[in-house]
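TrEMBL annotations:
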- 75-94: transmembrane segment (TRANSMEM)
- 114-133: transmembrane segment (TRANSMEM)
- 153-173: transmembrane segment (TRANSMEM)
- 179-198: transmembrane segment (TRANSMEM)
- 210-236: transmembrane segment (TRANSMEM)
């Protein structure tokens, strides 16, 4: 038998086994989301300051040992946006259902829309993380920003999920618009209260913590608004 043929068969078998192992790991990872997403959601919603401390402690561990009790912060944010979008789809709502040809590649698919929303809402944890690095008088580097950003993704995820559900209710049932607005207001108030209590650790006065929290929230909201307007203009174009 040709040695080259034997070698090719061995290589093909190894590639096939490698693919099977990758699928096995992927399947297990997805199944763990079903267990750890609701646990992470409840823990973040009920004990947000504790989860912020937890995230910082986890990043000091070896990479393979991090976030064993929860879903990692950026993934938690993305999954929350996926669930929020899933609620929209279940109610046959799509914010860009009739996009023009020029914007089709940008928001014409669910995947692109989720990626766009992830980038937009990640601005909230980014703004608060930048403020924490500044208040801690640290040099702004990728390493110094990583810890605060990861931690901030947890409360931002709950905020985005609840706010998105409120917005969906507002769109789906006009007669229950007040309920949708109330849910969105609760999300904003909860998020700001979490940030105020957390930022107080880096400030001597409550007044400064309140001012910084409101300012960071407004800056992030402005960025999201500008991006939303730009996307809307692209769609209309």
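Using the three backbone atoms N, Cα and C, a Cβ is placed for every residue, glycine included.
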- [ ] Determine which recorded stretch among 114-133, 153-173, 179-198, 210-236 has the most C-beta pairs below 8 angstroms with the transmembrane segment (75-94).
- [x] 153-173
Task: Distant-in-sequence neighbours of the transmembrane segment (114-133), which means Cβ under 8 A and at least six residues beyond its ends - done: 74, 77-78, 81-82, 85, 106-107, 140, 144-145, 148-149, 151-153, 156, 159-160, 191, 195, 199, 202, 212-213, 216-217, 219-220, 223-224, 227-228, 231
Open item on the list: Counting only residues 6 or more past its boundaries, what in the same chain has a CB within less than 8 Å of a CB in the transmembrane segment (179-198)?
Closed with: 48-49, 52, 124, 128, 155-156, 158-159, 162-163, 165-171, 173, 206, 209-210, 213-214, 216-217
